[in-house]
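Just below is one structure, and these are the notes that go with it.
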Amino acid sequence: MTSSTMGVSSPQYSEFTPDGWISELDYSYLGLFHLRRVLELNDVEALREFIALKPRLLTWDDPQYYLPTPTVYAAEVGCNDVLKVLLEYQSTLSPSELTQEPTNFDRLYLIPLHAACRHGHTSTVQFLLSFEPLTDIEERDAGDGMTPLRCALSAAPALCKQSKQIVRLLLTRGADAAAVYQYGLYIPSARGNTLTLAASSADAEVIKWLIEAGANVNARAAHIGEGYDLTPLHRGCLHHNIPAVQALLDLGARSGIAAVDGQGQLPLHSAVVGGSVEMVALLLADEQARQTTINAKDHSGRTPLHLAAAGGSLEIVTLLLAEDTALQATIIAKDNSGYTPLHSAVAGGFVEIMGLLLARDEAHHITVNTKDNNDRTPLHLAARFDRLQLMRALLDSGANPSLRDTQGRTPLHTLCDRSELSRVSDLPAFDSNSNTALIRRLIAADPHETTSSSNTSATSATGPNIIINIDSPDNDGNTPLHLAARHRHEHVVTALTRLGARGDARNNAGQTPCHLAATIDLQQRDSGGLPELLARQGRVMALLVGAGGDLDARKDGDGEGEGETARERMERDGAEARAKYKLHTRMDALRRAEEPEHKRIDALPTADQEAALHSFLTSILLNLT
């Protein structure tokens, strides 16, 4: 930037002119911001005035705003003229004058050269390197242990062109490409050289420069700040930097295809997580590498297919299935939670991927009903996450709706136990009619027979016997109607009662669905929606009574509410909820009135403010009583 000659009293600094700001003992932030403006405008004359009036300029500190020192900031904005003045002034100071007072934080970018490298100012880097021996090309930042070369490589992608020039300049001047990352005492030795940074965004030419300069092509990144023991190949795959990965493979990193990171993941896992099908294809192009990596599991037991299914990448799933020579083993492989790739796809709601996995004859009939560690099938997961479209597709593919998880729940129990209707991903289809059809399939002896409406047990004419009852209890004795009533899911209750669910069934605690519908959980309720909640509760109660429920039936189990009727519980909880709703409404109104009232009081003369505030607080107390 060209130097300006303005002076501290120039109109450009009119916002920084209150009397007294320029005294030596004044460390106001206004003075610091004024100085920053001088540096940004490359105003040498104004800076010289600052130096004359502020002899401790270089030791200024701003712990509140974390502003860098003047010298560092001049390098950060790339203003070489003012930077030269600052460095010349610095050379006139004694060591004691140069020592900064300790602060309560580790300041980043304490070194001008690091700031210039990180912000892509090539001319400033050249200028600073001319100040040797004052400038050390291998000096580490006290904040994060970075060398200038590493700062240049970690610059923002928008500065890629400038950073490339700086990298070339530093390497030409002898910067150590093998210098490892150092941060405190936590980093193992020989971890994290420059190549691990470059692999995320640098082009093939930069990769070649670094390797030629001595960077280890298979060096692992540090634990802190750079991931989990990633090699350059891992990092390039994760950031889908195909030119860098191709260069690494061509220059000696091919053996690293089988290297695992701190999570036990191969570069292929990283490529899948990065979401680049081109990167996955590049890694699978080598037949030997493909055979050893395509079915590999990480420390969580996940194969690349697990990760692709969970991430929703249809193209990558298609490619992995096409390249796998042991397809059946891959499709039925379980991770440490017992999930198959089908579980992962269903949990993510990816219909097309689910269909692709089920279309493979090799494992179709095995995976569709495979259980995880909690005995949940893909159909359980579809119900748990309100994936109604996926539930229908799974039933069409032969999913067994009678299987139970470790809580003794069928997919129907899980579907009825949703606690928030806002989570439903298929809202247009979420009504009483569609739920009646879906639930009819879940209780049918053969889920492909959608015409059955019996609420009693039935036996399939094809395949193994499946006996399902709409009032079948889970381990706590709750029927699907209990669970739907507890959350006042009106559409689900309507569908269940249409199909003959009993409103008088009791769970292990002696509660009927009416008892559960009568309870209002004040901790999970939005008080603003109380009127609608109570109205919905009334409609659900009417449905339950129509199905044989009795509001005056007493709870016959032990514990809270023993002997209490549903009507009594509804009246008690309703009264408490209304009282709390009334209080919340008043408090909301007071909060809305508080800010303008405070502004009005602040505008009053000081002598009148105390009385006005007392009057306002009194009115608040009266409104709350």
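Our numbering is plain: 1 for the first residue shown, then up by one each step along the chain.
Each Cβ is built from the backbone N, Cα and C atoms, and glycine gets one as well.
Listed in TrEMBL:
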type	residues	note
REGION	551-576	region 'Disordered'
REPEAT	190-222	repeat 'ANK'
REPEAT	263-284	repeat 'ANK'
REPEAT	300-321	repeat 'ANK'
REPEAT	337-358	repeat 'ANK'
REPEAT	374-406	repeat 'ANK'
REPEAT	476-508	repeat 'ANK'
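Confidence across the repeat 'ANK' (476-508), taken as the mean pLDDT and rounded to a whole number, stands at 93. Beyond its flanks by at least six residues, the repeat 'ANK' (337-358) meets 300-301, 303, 305-312, 314, 317-318, 321, 330-331, 364, 367-368, 370-374, 376, 378, 381-382, 385, 387, 389-390, 393-394, 397, 425 of its own chain at Cβ-Cβ distances under 8 Å. Residue counts of the repeat 'ANK' (374-406) by helix, strand and coil are 16 helix, 0 strand, 17 coil (DSSP-based).
Per DSSP, the secondary structure of the repeat 'ANK' (476-508) breaks down as 16 helix, 0 strand, 17 coil.
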